[in-house]
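*Asks:* The feature NAD(+) binding site is assigned by Swiss-Prot to VAL24, ASP43, LYS48, THR100, SER135, ARG340, with similarity to another entry given as support. Among the features that Swiss-Prot reports, active site, nucleophile is placed at CYS275.
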Amino acid sequence: MEKEKGEEKMNDSRKITVIGLGYVGLPLAIHFAERGYNVVGLDKDKRKIERIEKGDSYIPDVSSNVLKDLVQNKQLVVYTPHTGIEEFQNSEYVIVTVPTPINKQKEPDLSALIAASHYIKQNLQAGQTFIFESSTYPGTLEEVIIPIIAQSGKEVGKDYYIGYSPERIDPANQQYTVQTIPKVISGQTERCKQQVQKLYSTIFDTVVPVSSPKVAEMCKLFENIQRLVNISLVNELNILCEKLGIDFREALEAAATKPFGFTPYWPGPGIGGHCIPVDPLYFQWKARQLGQSSQLIEVAHMINEKMPQQIVTQVKELSAPPGTVFLIGIAYKKDVNDLRESPALPIIELLVNEGYKVQYHDPYISSAKIGDKIYDSIPLKKKTLEKADCILIVTDHSNIDWNICKGMKHVIDTRGVLKKVSA
């Protein structure tokens, strides 16, 4: 059988480069390093590079002790893109996990993905395999990424290989880990897909090949579109049931006893994080390019956007400005230090605009810039809560003793956590 171009070029099949060392990239880099791969991490944020080199993790799911050991043993080395070119060129596999947010117009911001593609174009070596994991709309790999890399003069499927495998990670989830979550993979050609599978089958328990990158890209969006629609539904029903004098959580718990045909979703202050509020808007943007739109996504997004104002309205019903509102938890979900798209951000800005004084406690976020002001987390003490005019539970962190809220007046529990506190 004739070897394809580049097969003899690569000489270090155990070297992996991960571009982007955030909530997806760093745990993935650690996972590879722990399984014997020599891992190179690239990130333009010099502060991240410095912290990794010191063995100081900035992600709760990554142990500083583990990180320090891997760095000291040279199983994980980190650079900025500029200083890590040689290491990049000596890697057989390159995995891209850069952020794909939305801009102020609620449209896809592919700037980091495009920058990574240009970096690959400029430094590509024959025989390398590139795997993109960043969440994006269907067609991005074929219509945006590959045309940029093609400017190198190299041919996909012959000179280099490329595929898409949507990131699947649930921060703070101890049940489903990087290794155990099934991994969907795809390739631009059959050989590309084989290259992706060759690597990922060594570190993931289950690999799920699909027919094309577009299918894999859509898979990721569909997962989060489903969650947006269902969580927005229960948030709306929760509001309506309150006006009807019905305990919606009790009704939901009762409905959840049905062993078939029902999946429970739980209401809250609004959907946060980088994925669920963002990915559906990527799909909507792509649909609009074709003159189409999803009405269901549109309505679900609108409901989610209105949730912070709904919470502030509840606060105003209990306490008038210029009272003090004390937020417990500001991260977008429990047990993480991630503020991205957290409903706490617009809630705090709305409260300040109404004239309230705002304080917060979050065991994972010591300080946060919200609007034009920097807030510092205040220790959670009974005296502090007693002085507040309203207590607003936004994030139900596991390491908070919720008994401290018992007996307090004017508590808004957006997570239903106090129902679980023993009497």
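Placement of Cβ uses the backbone N, Cα and C atoms for every residue, glycine included.
Tell me what's around each of these sites.
*Replies:* Secondary structure at ASP43 (NAD(+) binding site), taken from DSSP and collapsed to helix, strand or coil, is coil. The Cβ of ASP43 (NAD(+) binding site) has 23 neighbouring Cβ atoms from other residues within 10 Å, across all protein chains displayed.
Cβ contacts within 10 Å of CYS275 (active site, nucleophile), excluding its own Cβ and spanning all protein chains shown: 24.
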*Asks:* Show me the subset of VAL24, LYS48, SER135 whose Cα is within 10 Å of CYS275 (active site, nucleophile); these are the binding-site residues I mean.
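*Replies:* Checking Cα-Cα distances against CYS275 (active site, nucleophile), the binding-site residues within 10 Å turn out to be SER135.
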